[in-house]
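Peer 1: Okay, handing you the structure first.
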Amino acid sequence: APSPTTAVPYTSVKCIDVRKNHHKTKWLMPWGPNHCEKLKDFDEAVSRQIEANDIVFAVHIPLPSKEMSPWFQFMLFIMQLDIAFKMDNDLKENAEITLDVSLAYRDDVFDDWEEIAHAIEIRKLKCTFGSPKTLESEGRHYDCDFLPFMEIGSVAHKYYLINIRLPVNERKGINVGIGEIKDIRFVGIHQNGGFTKVWFAMKTFLTPSILIIMIWYWRRITLMTRAPVLLEKVIFALGISMTFINIPVEWFSIGFDWTWMLLFGDIRQGIFYAMLLSFWIIFCGEHMMDQNERNRLSGYWKQVGPIAVGSFCLFIFDMCERGVQLKNPFYSIWTTEVGTELAMAFIIVAGICLCLYFLFLCFMVFQVFRNISGKQSSLPAMSKARRLHYEGLIFRFKFLMLITLACAAMTVIFFIVSQVTEGHWKWGDITIQVNSAFFTGIYGMWNLYVFALMFLYAPSHKNYGEDQSNG
């Protein structure tokens with residue numbers, strides 16, 4: 001598959017909003033037949049006595065002679081301000097910039113623009129200046145961090161337009177002491193259409209295969225005279241959560257403007273993570289042959305409890321970011337000090353907990369292997385049929401255990417990398433590029449793993465009783 005995302009740089013055009021009081025047209029286009037009256041720079045604005053409140057920064061998405069497509073799935077925008085140093089207009093400590101932002105769309109070049117969202121947003125400026133602040137340094141640019149700008153969970157329209165005003169109000173101290181802003185630049189990140197098609201094809205192919213094996217597996221269990229044991233129930237639950245993540249609901253996002261798809265995808269993945277982590281604990285626990293509390297979920301509350309709490313925290317965190325973005329795409333938890341610290345703490349704690357979980361899992365696997373090798377010494381005393389049956393079980397189990405560890409290690413790495421990638425877009429380093437092979441590989445691995453579990457752990461319909469000891 002092609003790489004998962006593409007980053008496109010945009011530079012805003014400075015438009016003069018001469019019709020501010022006439023309200024003839026609200027939207028200012030940077031280019032094209034109805035383009036706005038442009039300013040080269042702010043020196044021109046000063047000489048023509050144009051106020052800061054009459055200047056609008058306009059960005060058209062995508063670039064000229066291109067159009068957006070629903071296959072892009074989402075749009076994430078990061079903003080960078082070009083601020084020059086001026087002795088009489090210096091950048092204050094902890095300066096905040098207030099943006100009056102509007103977003104509109106249209107599907108035809110001749111249509112009118114329709115508003116999607118409008119908000120007044122505040123962003124903290126984090127800038128450093130490399131040279132000494134003297135007259136010789138005037139005109140040099142500050143080195144400013146990227147700022148999170150907006151995120152939309154669907155790309156249902158062909159053309160988008162962003163209009164930004166920087167309203168100045170000296171009495172209220174709005175946009176005062178933010179330095180000399182020369183330009184506003186953006187980086188737009190969206191999913192690649194080619195990657196989306198490969199992803200959809202995988203989901204469409206894998207859904208029926210997991211469904212079929214699930215039905216076969218449950219039929220095997222219901223044929224038994226006994227009730228299903230805990231391990232069998234948990235494997236079935238894992239199959240259900242895998243099917244839930246597989247069902248290609250995303251096909252609808254091509255025809256419908258469903259902005260909640262990103263949030264829905266996160267919830268699906270969260271349920272699967274929680275189920276997978278819980279399953280591994282129960283899977284190892286059920287094979288500890290010397291444990292008294294077996295075949296009861298209540299025996300695992302100490303291990304499964306923290307997973308449930310962690311999943312719930314992640315859900316709340318996601319609702320604070322993506323949930324609010326459904327109403328206001330310009331909102332970001334990373335814009336406030338508290339939000340950034342919370343988000344960072346959250347990612348770090350989640351990463352540490354996952355690493356500890358993995359170590360705990362390795363310890364459990366080690367205990368299980370030790371237990372089993374102890375039991376193997378009693379195999380020679382059994383009848384041939386029973387011995388072969390148990391040898392088969394032990395081999396099957398050891399094979400699955402090693403695959404489980406590999407799968408767990410990859411899942412932990414995948415979770416941490418995907419969290420860091422998302423964070424990187426918002427912290428301001430766009431160099432990180434996760435390979436599409438990593439996404440499709442992990443996703444395929446989970447499916448194969450769940451498939452193998454059901455296949456290997458379906459109860460056998462053969463009868464290994466003592467009466468067959470001759471054969």
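Any Cβ shown, glycine's included, is placed from N, Cα and C.
Quick paste from TrEMBL:
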- 13-191: domain 'Wntless GOLD' (DOMAIN)
- 192-461: domain 'Wntless-like transmembrane' (DOMAIN)
- 198-218: transmembrane segment (TRANSMEM)
- 230-249: transmembrane segment (TRANSMEM)
- 261-283: transmembrane segment (TRANSMEM)
- 304-324: transmembrane segment (TRANSMEM)
- 344-372: transmembrane segment (TRANSMEM)
- 393-417: transmembrane segment (TRANSMEM)
- 437-458: transmembrane segment (TRANSMEM)
Peer 1: Same-chain Cβ contacts of the transmembrane segment (393-417) under 8 Å, 6 or more residues past its ends?
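Peer 2: Sequence-distant neighbours of the transmembrane segment (393-417): 273, 276, 280, 283-284, 287, 350-351, 354-355, 357-358, 361-362, 365, 368-369, 372, 375-376, 434, 438, 442, 445-446, 449, 452-453, 456.
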Peer 1: When only pairs 6 or more apart in sequence are counted, do the transmembrane segment (230-249) and the transmembrane segment (304-324) reach 3 or more Cβ pairs under 8 Å?
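Peer 2: No, the transmembrane segment (230-249) and the transmembrane segment (304-324) are not in contact.
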Peer 1: Please report, as numbers and ranges, the same-chain residues at least 6 past the borders of the transmembrane segment (304-324) whose CB is under 8 Å from any CB of it.
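Peer 2: Those are 151, 153, 262-263, 266-267, 270-271, 273-274, 277-278, 281-282, 297, 331-333, 342-343, 346, 350, 353, 357, in sequence order.
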Peer 1: Cβ under 8 Å to the transmembrane segment (437-458), counting only same-chain residues 6 or more beyond its ends: which ones?
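Peer 2: Non-local partners: 1, 4, 198-199, 202, 206, 209-210, 213-214, 216-217, 220-221, 231-232, 235, 238-239, 242, 246, 272, 276, 396, 400, 403-404, 407, 410-411, 414, 417.
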Peer 1: Over the domain 'Wntless GOLD' (13-191), what is the model's average pLDDT?
Peer 2: 86
